[in-house]
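*Asks:* Starting off with a structure, shown below.
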Amino acid sequence: MKNKNSGYDLVIFGAKGDLSCRKLLPSLYQLEKKNKLCTHTRIIGVGRANWDKIIYTNVVYKSLIKFLNETIIESIWKKFSSRLEFCNLDINCLHNFKKLKQIIQQNNNIIINYLAMPPHTFGNICLGLESINLNLEPTRIIIEKPLGSSLKTSININNKIGKFFKEKQIFRIDHYLGKETIQNLLAFRFSNSLFYYNWNNKFIDHVQITVSETIGVEGRFNYFDTVGQIKDMVQNHLLQILTITTMSTPIDCHENSIRDEKVKILKSLRPFNINNIHKNVILGQYTSGIINQKKVKSYLDETNNQEYQMNKYTETFVSMKIYIDNDQWSGVPFYLRTGKRLPKKCSEIVIFFKTPPLNIFSKNYNTLSKNKLILSLQPNEAIKIYILNKKPKLTSQYKLDLITLDFNYSKFYKKIQLSDAYEKLLLESMKGIQSLFVRRDEVELAWKWIDSTLQCLHLKPRLPDLYPAGTWGPARSKTMINNDGYEWNE
């Protein structure tokens, strides 16, 4: 058993990949800057490149220059770079893993294996780690969602990993769970009686969850074209946001208490059928248009590869109306929306509260505006509450204005630099805390519901509705919510 107070060896498989360069290395540098890395912690890049420590250090430095968004501090870099090691290793050659063992044996650190590679490589990596006893506790393994492309493939991947690692060793990352606003949602809901007692179908009218992007497929067309927005975003992020928004009160803040409640929500999701699927699930695909005052191509023209024909059935946008069939949420519609090439980058949860049963201001207002709570996840983490307030006047006549109570994280906590989601998740993995990570049954229940939804779409196929880049998706998305008497929060 390794000493809990020792440092960590973070072994990154896929050391020169996009995830490592864009997210992991900048986050680790920030943890160094904040003095959060243990003294003896090392960062060991693994890849087939014929590199040594010096070459890898130069590669890391260039990556930080490109993705850090701030000037590298020489003293921090000196300390950070001293942690770097590189292991030239082909994961398809079992005997190559002895090279990694030689590096690992140099100290008494706890091992954290980060598989920043495609899921089809996980089996070979786990087999190699077992061959050098790097699958034994307290060793941990981090893997990125989405896992698989269906329930069947997800089970297959989880079985491969589960053959070598126990569930308490496996950390499945959904980076949205590392966002401050998502974590604060638990505190917001369960520590404030103002919302604790009103978070149900008696007081909440409907809920909207939007995750929008201005970018297109950004060179990921080989992956995205076979997956689409439902598998890439709804299964991966939106269902996690939905479960945290709607879960019942856990008995405590223990990781399994929280995840048990999320699982109950996933089990309560109402499935679609072939008769209502196209009424409640709207698919779209962007055509050419204007984003940030620049012309952009249509989805079908995204690739310059003449040998590859983009799929006209692949959705780049989806909106859906979901119901949760339990006592707390029965009858409350949840509108989910996510897409590419939309007008702005935005992730938010919008809670609309019911109006009072008796309108005493009916003489001047036939209907009252609904109170609205907006939890903004990105680009600016914030909480806004919209309430009605009397406008000051000399007369006794009531003029009501919709005013905003605004809380912005960065403005309120001026002296605290908000951490990137990956910083928090990496630090939690080092502590061995799994509450911000996804349990196996969560992943598989999400895939079960997604598979059922996709099966209905396949049984009643239709091409995605087209929408110009720079707009909020197909017209039918607005029609869907307008028919219920609501409008998208834009």
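Yeah, the Cβs are placed from backbone N, Cα and C, and that goes for glycine too.
Swiss-Prot feature annotations, pasted as is:
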type	residues	note
BINDING	ARG48, ASP90, ILE91, LYS145	NADP(+) binding site
BINDING	HIS175, LYS179, GLU213, ASP232, LYS340, LYS345	substrate binding site
ACT_SITE	HIS237	active site, proton acceptor
*Asks:* Taking only same-chain residues 6+ apart in sequence, whose CB is under 8 Å from that of GLU213 (substrate binding site), what do you get?
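*Replies:* The list for GLU213 (substrate binding site) reads GLY339, LYS340, ARG341, LEU342, LYS345, given in order along the sequence.
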*Asks:* Of these binding-site residues, LYS145, HIS175, LYS179, LYS340, LYS345, which scores lowest on Cβ atoms within 10 Å?
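*Replies:* Checked LYS145, HIS175, LYS179, LYS340, LYS345; of these binding-site residues, fewest Cβ neighbours within 10 Å: LYS345.
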*Asks:* Sequence gap of 6 or more, Cβ distance under 8 Å: name the residues on the same chain that satisfy this around ARG48 (NADP(+) binding site), in order along the sequence.
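*Replies:* Sequence-distant Cβ neighbours: ASN88, LEU89, ASP90.
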*Asks:* Find, among the binding-site residues listed as ASP90, ASP232, the one whose Cβ has the highest number of other Cβ atoms within 10 Å in the structure shown.
*Replies:* ASP232
*Asks:* Cα within 10 Å of HIS175 (substrate binding site) is the criterion; apply it to the recorded positions ILE91, LYS145, HIS237 and give the hits in sequence order.
*Replies:* LYS145, HIS237
*Asks:* To the nearest whole angstrom, what is the C-alpha distance linking HIS237 (active site, proton acceptor) and ILE91 (NADP(+) binding site)?
*Replies:* 29
*Asks:* Between the Cα atoms of LYS145 (NADP(+) binding site) and LYS179 (substrate binding site), what distance do you get, rounded to the nearest Å?
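*Replies:* Here the two Cα atoms are 16 Å apart.
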*Asks:* What Cα-Cα separation, expressed in whole Å, is found between ASP232 (substrate binding site) and ILE91 (NADP(+) binding site)?
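*Replies:* For ASP232 (substrate binding site) versus ILE91 (NADP(+) binding site), the Cα atoms are 26 Å apart.
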